[in-house]
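K.L.:
One structure, pasted below without further comment.
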Amino acid sequence: MKAIGWSSLLLGTILATGLAPATRAEEALAPSAQDRIDALTTGSIAPLGGAPSGGLVPPGAAASGSLRELTAPAGTPPALIPPREAPATPAPAVSGQAETQLPEPVRADAAPAPVAAEPVPTAAATPASDSAPVTAEVAPAPIAAEAAAAAPAVAVAAPAEPAAPAVVATEPTPVEPAVSTPAVATTEPSAPVTDAVASAPAAEPPPAAAAEPTAHVAPPVAETAAAPTPSSPPTEAVATTIAAPAPTPEPPAAVVPPASPVETTASTPVAVAPVAAPPSHEPTAPARLAAVDAPAPATAVEAPADPALRTAELAEAAASDALRAALDALHPLGGSAEERADRSDVAAFYQARGHRFLFGAATGPTPVAVAALDRLAHADRDGLEPNDYATPALVAGLAPEARAKAEIAVATTVVRYARHLQTGRFAPGRVSELVTPRTTKTSAADVLKAVASAADAGAALAAYAPPHLGYQRLKAALADLRGTAVRTPTVQVPIGPPLKPGQRNERVALLRERLGVAPVATDATIFDPALGEAVKAFQRDRGLVVNGTVGRDTVVALNDPTGGNADKIADVVVNMERWRWLPRDLGTLHVFVNIPDFHLDVMKDGRSILHSKVITGRPENQTPLFSEMMQYVVVNPYWNVPISIIRKEMLSKAQATNGGSLTRGNYEVAVGNRTVDPATVDWAAVPAEQVEIRQRPGDGNALGNIKFMFPNQHSVYIHDTSSRGLFAQAYRALSHGCVRVFEPFAFADAVLSEEPTKLDGARLKAMLGGGEKFVNLKRFVPVHIAYFTQWVDDDGHLQARRDIYSHDARMKRLLGL
């Protein structure tokens, strides 16, 4: 390239020598360098040689633009000034040259930024070759100046006024050094499209100097906004790109649609925005031309909330706050330990669920509340009083405070109902100190959790009722009694002497009519066997002594104007209450003693495998009510006389007989832990607390030959007896409190039927005689001593027994029946 340049320069010198006169004449007509600089300050970029409308034009075009052609300064020999050449086909761009992105367009009225210019070389410029004409291309992408491969193009801007010098950053390229603008470091744009200015071959320029920016305001020009970058760059390589920091974007005046490069002539000028001076020498990221930016990704805008829904949310939040405050206010309140624990449990339950309401919604009762309140409204089905479970109305529109109070009231009422259904409405000990069942109460929190999590809140509450068959039968009997119309007997049987089978009496005819027994063909006044069976059935249903004789009690029951339903209902309700005192799991194998019935049953898998007579405590020595586990059996037992019996019965007899009664009864006596002869004791002076008495094993022992032990606080157990004749009596409340069983070894067979050691009645009987023997059980058996005056038997008949301890009467008073 340098050889070609020097050859051209030599040829130009020769031609200049011969054509000097013509050249001088042309030089006289050419504008001076100052004129060209003055013209430069009036526009943004003047064409080389000037063009009517500005822009970049090839050499030889008319000089009317801002950036004029490179012209030698005054005094330069004319022979060194290259002649203007006609436009020619653009030369191919040389790849690998440095590029700098043009700045974004600015408004036409903005002051031009400083433009880096290269000083005119002192040496004469070499004329451009015909094969490398200067052209300009317009494309919709960022505009860049392209230099020819022979020599880099130099943009010149002459300053009109002094200003801060701009810095020109020069970055070498692999092929030729290129001059970059002072704005940014040379970078490779992703899809460059440039306006290229290819210069003719010239001598290598000296180091560039900073040009001062012009202070003149550029004339208004049309802005050209860059179109979106094409998907692929043009094939022509970009030599040099001029870029500057992007100013604040303005709406584009026009958008140039993407198109193939168009050759620019004098009639199609391109406006080029001025280049701003850089703040420092440090390279920065290239700025992009202002363009019609792609729309930013749409930001998801949340739809405005439904005002009604928002209002409901605020109301619910206010109600939750009111509920929290109402629960907090309950803590300082007094009451029993159980009441305080319940309040704490209720508060903890609602705190765990974020103080969300369970029963009362803003619109009224929730489904949970509807089911639960329906159960409470029918509490009488389980022998409870519905009025005891009244609650505030859960209606729509309640104020937050009222709604919170109603929620707490319903919650505590639901808990109370579940407790009453499960363990009863009062402490069993209020009936008697000998009523000592062990009941387990479910916590308030557990009740509310069960109701909240159940598919059917009513069914969840129903599950707290006793699961026993005896309870379910009484519940059905209660419904029957309440559904039966009360009928006053139309026939009254006069009270008189007892009527017995085989007698003839005028009252027998009335008895037949009352019981609906057809008279015999011969005489209606005869008390025949059919009438006797009807009397027994009536006595059985009313809980009377079943003997077939119509005495006073039977006549009174026959003439009851209510048909016995009112009292029966109360009795059934009382006995349903007692079922709640028993353990929910009685045991697959267990012993069940019913004191008023004077019988026990050994139950296995829900059926009785032994039904036996028993003797229970007298009313003054009542058998207590409790449940414990049978753990061992004693054969040939001693009877350790309780202190109560010593004090009430034995001391007075020993004083009267001088200890003889104790000697005859085969008793051992110890005073102050020392065994003594009963005849040597001063029974009038010795305190009962210092006396210990026990009866030796044998036939006369009060406990008989065997006792079955289930340790308890009352020192009560089941045992044999030496007084077997008492079992013949119908009324058998005759003991000191223990339970005497009629057939002890048959009882042993049943109660030990699941004993792993194969222990049974026969093996125990073989141990009789000799000293006291203890036999521990491998499998403990539950024993329940209960008190039921009403129950339904396997045939569906409601059975009734005498209230021998007056427990029913006390319970009716406690329940308000």
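Glycine is no exception: its Cβ is also placed from the backbone N, Cα and C atoms.
Take a look at what TrEMBL says about it:
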| type | residues | note |
| --- | --- | --- |
| REGION | 69-132 | region 'Disordered' |
| COMPBIAS | 75-85 | compositional bias 'Pro residues' |
| REGION | 174-215 | region 'Disordered' |
| DOMAIN | 589-767 | domain 'L,D-TPase catalytic' |
| ACT_SITE | His719 | active site, proton donor/acceptor |
| ACT_SITE | Cys738 | active site, nucleophile |
K.L.:
Just counting, how many other CB atoms are there within 10 A of the CB of the residue listed as 'active site, nucleophile'?
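P.N.:
Taking all protein chains shown, the residue listed as 'active site, nucleophile' has 24 Cβ neighbours within 10 Å.
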K.L.:
Whole-number Å only: compute the distance from the Cα of His719 (active site, proton donor/acceptor) to the Cα of Cys738 (active site, nucleophile).
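P.N.:
Cα-Cα distance, His719 (active site, proton donor/acceptor) to Cys738 (active site, nucleophile): 8 Å.
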K.L.:
Using a 10 Å cut-off, grab the number of neighbouring Cβ atoms around the Cβ of His719 (active site, proton donor/acceptor), all chains included.
P.N.:
23
K.L.:
Restricting attention to the domain 'L,D-TPase catalytic' (589-767), give the mean pLDDT.
P.N.:
95
